[in-house]
Amino acid sequence: MTQPPPAAASPDPAPGGWPAATQPSWAPAWQPPAPVPSAGAPVGASPRSRGPLVAAAAGGLLAGLLASGLVVVALFTASAEDIGATMADRIGTAVEEGIVDGTRIATEESLEGLGGYEEDLLDPGGWGQPPEQFPPVPPREAGPDPVLDAYAQDCFAGDLQACDDLLFESPPLSDYEEYGGSCGGRVKAYTVGSCTELE
């Protein structure tokens, strides 16, 4: 004997005796989402295809570091030039002041050794203190120039302008020049600017 097919189980009735809701035929059945590939590797990437990507990333990193280094060097060079210019201005001013001060001190010391001072140079009367005077000394033997010999004799006789003329017209480092520079032996040689100042 054959048994009849089992009857379709009737759904449990909903409360109040109503039939339970069934899923409409027009609604799609729920499907779980497809798995997402991991972020570490591109879809379908094999270990072989990762090599060029790693090389490209390393090259990009190296290029970025190189560019950053060049920017830092450019900025440092510009600021180093500014710092150097500022230092040069300060050092240049200090050196200039040192040279001026050193020259002034050396001039004062050299004038002190000659018996005059820097302030005395501004004195319209000459060296400040009148030079020590002596009696005139007769000139030495006559030289080769009769005009200069005449100046020397007039200088000895008391014509102080003749002493100045002898000094300025005689050859350098000659006996004539030395005699005219001492105003005929009246002062130490070259201690006065002009013999006519002695009048």
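For all residues, glycine too, the Cβ spot is worked out from N, Cα and C.
Annotated features in TrEMBL:
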- 1-50: region 'Disordered' (REGION)
- 1-16: compositional bias 'Pro residues' (COMPBIAS)
- 17-29: compositional bias 'Low complexity' (COMPBIAS)
- 37-50: compositional bias 'Low complexity' (COMPBIAS)
- 53-78: transmembrane segment (TRANSMEM)
- 123-142: region 'Disordered' (REGION)
- 132-141: compositional bias 'Pro residues' (COMPBIAS)
> Looking only at residues six or more beyond either end of the transmembrane segment (53-78), which have a C-beta under 8 A from one in the stretch?
Replying inline: none
> What counts of helix, strand and coil residues does DSSP assign across the compositional bias 'Pro residues' (132-141)?
Replying inline: 0 helix, 0 strand, 10 coil
